Protein chains: 2
Amino acid sequence: MVGTALDEFALIAELFAPLAAGCPGALGLTDDAAFLAAAPGFDTVVTMDAMVEGVHFLPDDPPDLIARKLVRVNLSDLAAKGAKPVHVMLAAAFVAGTSEDWLRRFAQGLRQDLEEYGVALIGGDTVSTPGPLSLTLTAFGRVEAGRGILRSGAKVGHDVWLSGSLGDAALGLKAIRGQLSGVDEGHLSFLAGRYRLPSPRLRLGQGLVGLAASGMDVSDGLVQDLGHICRASGVGAEIEAARLPLSRAAAQAIAGNQSLLALALEGGDDYELLFTADPALAESLRRLATATATPLTPIGRIVSAESVTAVRVLGADGRPVPTGRGGWRHF
Amino acid sequence: MVGTALDEFALIAELFAPLAAGCPGALGLTDDAAFLAAAPGFDTVVTMDAMVEGVHFLPDDPPDLIARKLVRVNLSDLAAKGAKPVHVMLAAAFVAGTSEDWLRRFAQGLRQDLEEYGVALIGGDTVSTPGPLSLTLTAFGRVEAGRGILRSGAKVGHDVWLSGSLGDAALGLKAIRGQLSGVDEGHLSFLAGRYRLPSPRLRLGQGLVGLAASGMDVSDGLVQDLGHICRASGVGAEIEAARLPLSRAAAQAIAGNQSLLALALEGGDDYELLFTADPALAESLRRLATATATPLTPIGRIVSAESVTAVRVLGADGRPVPTGRGGWRHF
């Protein structure tokens, strides 16, 4: 039973209750639960992601960025399903003795992103832990009933698409650790930012409703995540390595060290959207890319599930490239 | 980045996916999010409670009981709002190297209670932590639109009611620690069980819709929790110490050591329902007590918020008893 000088209820009232403004059902975070009115014609899309200090973020990461990353990785899941985010709940196990300043900066980051994405905090729990800091967010979104984008809709012949660029976050973690050499300062900073603060592709995801037949966000690595779509859909996939979209920063890093390409293929944390679509929709997708100012790249195709490996990556010579274990696994 | 021999996805598929049966929107736990169809005419009631090893449960508690307590403390919040539980999501930060046997027993406990309460697991997250074990549940319930029981409905003149008996869990923790003397073995075991495995008062809670004007569950201690109702309602409360319902086990413990009465007043974890109601409804409440086989005791009344202290406990002589800090605070 751990205690600190801070009072749980005073803390919640002062720092978190203002984030519930605009949602009457949150009851100002003064009740045991939140009440959400039914929205006929819509499905509620719910996701829950946890982050642990030392595993999902670094102990000396700025507290506002930790809060914002927590929000964003959860909203990214909603984006991938085509949902518009509406509410979040936060369960935080703060380390006993955490300073009030740290907590204020954490709450400030939370507030910044909830405001940016138009999302209300509707409840949660704050508890004490001997450490490490452990954070869990439940995010609630809304999509027209029955129109959410699932992993299970991929069909043979579909194109495989990826938003943005690949591998930046994995390279960014290397950059933060001082393990990238021969890369411009500006590029290093870009890569580190992509690790520390992903951008959920919300406008893109909502625009993909009716276009993408299946989809998810890339959080555990392209090969592994595409494997999830393949297994859920009963199909296979072929990716062309030469078509993978790289940022200029990532391209410079890989040009100086070809072994980093595998990191781009298998590293996680990019939070880009990976989806499949009928080839007839390619032009619509290009228009959506323009409208949402989000690069979209076709990187391969869905094939029948005949091979032992669900996802094959083809090199420039058309022959499979070995992909190893296939991505980051949490446990 | 911590890893173990266990594979997150294989683990989820084998242990947790069966718990999603019966809820198509859970997508067999194979997608990024769950999809919940709107239920017109109902509010969704959502609560989120976290438990940390060494803070909310003991490191050597049986894993099935840890899982069941996690479910029950969350369902207790739904019970207090008058809601019927429907779904849960689980975020678990398991300690790296946790044995498969431990995890199987944890999942077995989870399954047992989800089946008992007719609730489906619809998603969540499993991550790795260097420790301690940290668990968060989000629970979803349903109540007729606008009829949920809030903390804010208490009015001057209302009776204050409490279900079951008070202080068992706090005494149970003492029993587990070997700090209770002169108490029968059977009583010690009863008290320990009340600490380890609360019983959410779900049938009672649903029956209180339309009868209770305000309510919550007692998780942080009677005085502190009644204080929350008072502050949310802008009222005060007077409790008569002599009317507090004690189990035979608690009565024996307190008879041998009068100082334990304060523990009963201020200790948490009982998960009984505390509510207020118009005195005209007393007979209806007694019928509900019989119908749900749940003892209900009127323990005091709501008064105007004139005194400095929101909640006063009156001794047998009608004079206030000092109540100290007023309950367990998490942080």
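Cβ from N, Cα, C; glycine included.
In TrEMBL this protein carries:
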- A:31-143: domain 'PurM-like N-terminal' (DOMAIN)
- A:ASP32, A:ASP77, A:ASP217: Mg(2+) 3 binding site (BINDING)
- A:ASP32, A:THR47, A:ASP77: Mg(2+) 4 binding site (BINDING)
- A:ASP49, A:ASP125: Mg(2+) 1 binding site (BINDING)
- A:ASP49, A:ASP77: Mg(2+) 2 binding site (BINDING)
- A:HIS56, A:ASP269, A:TRP328: substrate binding site (BINDING)
- A:GLY124, A:ASP125, A:ARG151, A:SER219: ATP binding site (BINDING)
- A:155-309: domain 'PurM-like C-terminal' (DOMAIN)
- A:ASP220: Mg(2+) 5 binding site (BINDING)
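Look at A:THR47 (Mg(2+) 4 binding site): DSSP puts it in a strand. For A:ASP49 (Mg(2+) 1 binding site), applying a Cβ distance below 8 Å and a minimum sequence separation of six or more within one chain yields A:LEU70, A:VAL73, A:ASN74, A:ASP77, A:THR136, A:LEU137, A:ALA139. Only A:GLY124, from the binding-site residues A:HIS56, A:GLY124, A:ARG151, A:ASP269, place their Cα within 10 Å of the Cα belonging to A:ASP32 (Mg(2+) 3 binding site). In sequence order, A:ASP217 are the binding-site residues among A:ASP217, A:ASP220, A:ASP269 whose C-beta falls under 8 Å from a C-beta of chain B. The residues of the domain 'PurM-like N-terminal' (A:31-143), classed with DSSP into helix (H, G, I), strand (E, B) and coil, number 36 helix, 49 strand, 28 coil. In terms of local Cβ density within 10 Å, A:THR47 ranks first among the binding-site residues A:THR47, A:SER219. Each of the binding-site residues A:ASP217, A:ASP220 was scored by other CB atoms within 10 A of its CB, and the lowest score goes to A:ASP220. Ranked by how many other Cβ atoms sit within 10 Å of their Cβ, the binding-site residues A:ASP32, A:ASP77, A:ASP125, A:ASP269 place A:ASP269 at the bottom. The record assigns A:GLY124, A:ASP125, A:ARG151, A:SER219 to the ATP binding site, and the maximum Cα to Cα distance across that set is 31 Å. According to DSSP, A:SER219 (ATP binding site) sits in a coil region rather than a helix or strand. In sequence order, A:ALA50, A:LYS69 are the residues near A:HIS56 (substrate binding site), counting only same-chain partners six or more apart with C-beta under 8 A. A:SER219 (ATP binding site) has A:ASP269 as its nearest neighbour among the binding-site residues A:THR47, A:ASP125, A:ASP269, going by CA to CA distance.
For A:ARG151 (ATP binding site) paired with A:ASP217 (Mg(2+) 3 binding site), the C-alpha to C-alpha distance reads 10 Å. The Cα of A:ASP269 (substrate binding site) lies closest to that of A:ASP220, out of the binding-site residues A:GLY124, A:ASP125, A:ASP217, A:ASP220. Cβ neighbours of A:GLY124 (ATP binding site) (same chain, under 8 Å, six or more residues apart in sequence): A:PHE16, A:LEU29, A:MET89, A:LEU90, A:ALA91, A:ALA92, A:THR138.
The number of other CB atoms found within 10 A of the CB of A:ARG151 (ATP binding site), across every protein chain shown, is 24.
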